[in-house]
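Listed in TrEMBL for this protein:
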- HIS229: active site, proton donor (ACT_SITE)
- HIS229, ASN230, ALA231, VAL232, HIS233, ASP270, ASP379, GLN430: AMP binding site (BINDING)
- HIS233, HIS269, ASP270, ASP379: Zn(2+) 1 binding site (BINDING)
- ASP270: Zn(2+) 2 binding site (BINDING)
- 469-479: compositional bias 'Low complexity' (COMPBIAS)
- 485-494: compositional bias 'Basic and acidic residues' (COMPBIAS)
- 496-505: compositional bias 'Polar residues' (COMPBIAS)
Amino acid sequence: MALCYQLPVLPLDRPVPKHVLSRRGAISFSSSSSLFGAPDPRQLSQRRGAISYDSSDQTALYIRMLAVTNKTIKPSFVFTPGDVRVRSQVGFEPERRGSHPYLGVDFRTLHSRAESAGTIPARRIRRLFSFQRHLLSSRLLRGAPQLNPLHILDEDYCGQAKCMLEKVGSWNFDIFLFDRLTNGNSLVFLTFNLLNQYGLIELFQLDMVKLRRFLVLVQEDYHNQNPYHNAVHAADVTQAMHCYLKEPKLAESLTSFDILLGLLAAATHDLDHPGVNQPFLIKTNHYLAALYRNTSVLENHHWRSAVGLLRETELFSNLPAEDSLSIERQLGSLILATDISRQNEYLSRFRTHLDENDLSLGNASHRHFVLQMALKCADICNPCRPWELSKQWSEKVTEEFFHQGDIEKKHKLEISPLCDSEANTIASVQIGFMTYVVEPLFAEWARFSDTRLSQTMLGHLGLNKASWSAMEPEASGSSEEGESETGRATEEPSSRVLSQGSQES
């Protein structure tokens, strides 16, 4: 359904930079492209890698950049009112996959790390190669005998990592440990394993090379410099989705097509996340905000990015065209459901279905709605994990919030809710989020699927909330200050907590 919202604060006459339109991989959603001074979609479709939607799609003009470079650019902020830009000393240059030279902010600079420039390209290049090819070539150079090249896990990691995958359906699954055991490739190995475990690779006759390339590109398009919104978070959400798909009500009703959609949506739901929230994009007059009319900006971008990779790798080229398009549309419906600003809408609908007891999982639309709710739960399930895992996620997401707040302070922008490290603590942020977002959602999910897993999640949620409550006075310096922080979180639950959700989702 076309989204035709008015844009009250942003000018719509900003031209798309020429260097953007000339990049390989342009995807044109033609009906709104004229707003940005874009060329005719037929011209774009003639370019290498270009994909053009027909005129009935009125949501956006989306440009993907596929160039990869080993150059290291040292950008500097140039700030003017209403606009934040990052430019190199010699202008925009070709950059790696996943960065945004055409956007208002180059998010590569937001979470910089003290890494040596010489080690980054080598690590990145190794991930782009097939691990089997890398290992095979190294063995040949050493004169070692060839091994079976068809293992899903490479020989270097098929010990402890393989043992962990045997328990991938456990709610206590430690995704941080698994990521270390797979050398930072948890999303690739976990998703590949689950697709194989469900028999989807064989059922849909997916080409193994295309699938592996798709998963590697998905992982590469997450920004590892983001403390929270990175490939490990995507892997964690995918593992949680697997746990929900195993629940009796879903396992008995979902089709293989539903399961495929659920796993792909979980793996790509935050694809190319910039590490800042939607309000930040809007108030900095960011290109994506104008592109999607300030509506589900990040979620639309995640979906379009996923579609771009599906088409680039031709993963579903063996399927009829209508089936491939159906996958893309339904994938978008699932990813857009993670928009936290629509939390009350989905929760109210879910509660009504449960009150009236009219959910029929034999109905395709009802199954899809349950998948949407499952993905929403998986996306924000961190507070329902065991404390050792939940605490790490809480620290990471708060670090990302506070970093955005530091950027806003630096450029004299209004500081977003929950992003001011001087006015918030990890404890206050988490208590508010658990109270107003997580608890209502998981309470309804437990009504729908009253199982041991649901009770376990609610149990962890209660214990984790109590743990943060006990830590809050210490974190803020005194019991009185801790109560003050809790009070502030309680006074404005909708604006403050939904802002956090916008980033977490």
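Note: Cβ is positioned from N, Cα and C throughout, glycine not excepted.
Within the same chain, the residues at least 6 positions away from GLN430 (AMP binding site) whose Cβ sits under 8 Å from its Cβ are PRO383, SER394, THR398, ASN464, LYS465, TRP468, listed in sequence order. You'll find the Cα of HIS229 (active site, proton donor) roughly 7 Å from the Cα of ASP270 (AMP binding site). ASN230 (AMP binding site) and HIS269 (Zn(2+) 1 binding site) have their C-alpha atoms 11 Å apart, to the nearest angstrom.
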